[in-house]
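Visitor: Have a look at this one before I ask anything.
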Amino acid sequence: MKTYTNPAPSNWNEILKRPTKSFEEIEKTVSDIFNEISKKGDTAVSKYTSLFDGTSLNEIKVSEEEFSKAEMLIPEDLQNAIKLAKSNIEKFHKAQKTPKVEVATMPGVNCWQEKRAIEKVGLYIPGGTAPLFSTILMLAIPAKIAGCKEIILCTPPNKQGEVNPAILYAAELCGVKTIYKVGGIQAIAAMTFGTETIPQVYKIFGPGNQFVTVAKQWATRFGVSIDMPAGPSELLVFADDTAIPSFVASDLLSQAEHGIDSQVVLVSTSKTMIENTKAEILKQVEKLPRKEIALQALINARFIEVETDQIALQLINTYAPEHFIVCAADETFFVNNIANAGSVFIGNFTPESAGDYASGTNHTLPTNGYARQYSGVNLDSFTKSITFQKISEKGITAIGPSIELMAAAEGLDAHKNAVTLRLKKLQGN
Ligand SMILES: NC(=O)c1ccc[n+]([C@@H]2O[C@H](COP(=O)([O-])OP(=O)(O)OC[C@H]3O[C@@H](n4cnc5c(N)ncnc54)[C@H](O)[C@@H]3O)[C@@H](O)[C@H]2O)c1
Ligand SMILES: N[C@H](CO)Cc1c[nH]c[nH+]1
Ligand SMILES: [Zn+2]
């Protein structure tokens with residue numbers, strides 16, 4: 001838990017370096033596995049499942065029997081909690097539907113844009129150290145609302161070759177029944193190329209560890225698209241003296257417990273807030289079942305004291321956190337001026353866990369500074385915009401001469417002719 005007081009802006013990048021391996025360090029493993037899976041399909045998938053997940057499977061597709069058993073294993077109160085989260089996530093993502101955009105750019109020239117679902121999508125659900133069934137809600141719900149026709153899901157099996165029942169329960173609740181017990185790089189490669197068992201998809205979604213994230217980035221070389229790099233979780237909290245140290249500590253620990261390569265950062269204008277939060281962290285971490293993971297992640301934690309809200313904001317925008325919690329007297333200043341963050345949580349009673357599970361926003365978010373240029377998963381992630389146009393006789397008469405001139409100036413006479421022939425016809429020639 002390193003603490004810094006008024007670090008110079010020139011040192012921010014060094015102080016706030018992510019603890020994850022570089023793309024280059026993982027690239028070789030990823031490219032080797034991709035190569036093998038593209039050539040050997042299921043045989044290679046099975047080899048890597050046994051190497052990384054420690055299990056050999058005769059059948060990687062989840063059976064109807066496994067689905068039926070799963071539902072019986074989920075207590076009613078958990079089923080109800082999942083249903084409540086589903087309802088909120090549905091409400092928020094349905095509200096993201098936009099109407100068709102239609103404009104007559106000039107009389108007789110009608111242009112419009114409509115969204116169409118991506119037909120085949122692959123959802124990756126992390127399961128290495130915790131079965132993140134909540135991620136199913138975050139991916140399957142918008143995929144269904146968007147109208148994706150073929151939705152498949154990959155998730156790593158445990159050592160007994162099973163998938164956690166809550167994952168199966170949540171998937172079935174969201175109407176996804178095609179699940180493969182495959183995790184990590186091998187899952188991403190399988191969805192990229194297709195194997196004898198696993199279908200190829202057009203776009204791959206979902207968070208994962210560093211291997212999964214680099215694999216998704218690698219997949220884009222083979223024509224598949226991805227939602228965004230959504231790697232090890234991170235949280236930056238800005239807290240001034242209006243914040244509550246025990247709450248701030250609990251939020252920081254909530255993301256530290258994800259993995260040893262997670263990063264949490266506290267930025268504050270108050271030395272007392274930093275000291276009290278650190279003391280709270282040390283107290284709270286003792287009681288966590290994932291204490292060892294959280295303690296390792298805390299080695300990468302940063303506590304940064306700055307002089308003003310303005311400096312804090314610049315630092316936060318430089319870091320571009322996946323999650324940003326703001327508990328400040330002038331929260332509006334931060335809310336209005338945040339430029340780079342995956343998702344923002346405002347005030348003392350908005351824990352980041354709310355967005356992870358149930359408030360309605362999506363928890364699949366850009367990490368590692370990618371919040372500078374990527375959005376988190378949303379309804380549009382599952383659609384493409386297609387443009388349409390219809391030009392009338394009056395329209396082509398008005399726009400035609402300009403097109404002819406521009407085509408001739410580019411030296412593309414066939415383009416010009418496509419207009420000229422129509423204009424002549426209209427002129428009776
Ligand atoms: N950014 C987001 O939106 C978001 C959301 C949820 C979770 N997460 C992150 O997802 C991650 C989940 O990680 P996880 O590990 O628990 O599950 P995971 O499913 O992402 O990864 C498990 C797989 O990693 C592979 N693997 C493990 N060690 C390997 C190695 N040495 N070489 C190659 N492959 C290896 C295995 O195949 C295994 O199946 C966490 O880092 C969490 O913070 C991010
Ligand atoms: N915090 C994660 C996103 O970085 C999402 C998650 C799922 N379950 C718990 N948390
Ligand atoms: Zn979380």
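A Cβ is built for glycine as well, from the same backbone N, Cα and C atoms used for every other residue.
Feature annotation from TrEMBL assigns active site, proton acceptor to GLU322, HIS323. Sequence annotations record features per position, and here TrEMBL assigns NAD(+) binding site to TYR124, GLN186, ASN209. For SER233, GLN255, HIS258, HIS323, ASP356, GLU410, HIS415, the entry in TrEMBL reads substrate binding site. The feature Zn(2+) binding site is assigned by TrEMBL to GLN255, HIS258, ASP356, HIS415.
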Visitor: Give me the count of other Cβ atoms within 10 A of the Cβ belonging to GLN186 (NAD(+) binding site).
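Guide: Summing over all protein chains shown, GLN186 (NAD(+) binding site) has 28 other Cβ atoms within 10 Å.
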Visitor: Among TYR124, HIS323, ASP356, HIS415, the recorded positions in the record, which have a C-beta under 6 A from ligand 3?
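Guide: Passing the 6 Å Cβ check against ligand 3: ASP356.
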Visitor: Checking the contact step here: among the binding-site residues TYR124, GLN186, ASN209, which have a Cα within 10 Å of the Cα of SER233 (substrate binding site)?
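Guide: Hits: ASN209.
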Visitor: Listed binding-site residues: GLN186, ASN209, SER233, ASP356, HIS415. Which have a CB under 6 angstroms from an atom of ligand 2?
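Guide: Once distances to ligand 2 are taken from each Cβ, SER233, ASP356 fall under 6 Å.
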Visitor: Please list, in sequence order, every residue of the chain apart from TYR124, GLN186, ASN209 whose Cβ lies within 8 Å of the Cβ centroid of the NAD(+) site.
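Guide: Filtered neighbour residues, in order: PRO126, GLY128, CYS154, PRO156, GLY183, GLY184, ILE185, ALA187, ILE188, GLY208, PHE211, VAL212, ALA215.
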Visitor: Ranked by the number of other Cβ atoms within 10 Å of their own Cβ, which of the recorded positions GLU322, ASP356, GLU410 ranks first?
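Guide: Most Cβ neighbours within 10 Å: GLU322.
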Visitor: Quick one: Cα separation, GLN186 (NAD(+) binding site) versus HIS258 (substrate binding site), in Å?
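Guide: Roughly 22 Å, rounded to the nearest whole number.
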Visitor: Go through ASN209, SER233, GLN255, our binding-site residues, and report the one whose Cβ sees the most other Cβ atoms within 10 Å.
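Guide: Sorting the candidates by Cβ neighbours within 10 Å, the top entry is GLN255.
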Visitor: Measuring Cα to Cα, tell me the gap between ASN209 (NAD(+) binding site) and GLU322 (active site, proton acceptor) in whole angstrom.
Guide: 14
Visitor: Quick test of your reading of the structure: among the binding-site residues SER233, GLN255, HIS415, whose CB sits under 6 A from ligand 1?
Guide: SER233
Visitor: Please work out which residue of HIS258, HIS415 has the most C-beta neighbours within 10 angstroms of its C-beta, and give that one of the binding-site residues.
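Guide: Per the Cβ count within 10 Å, the most buried is HIS258.
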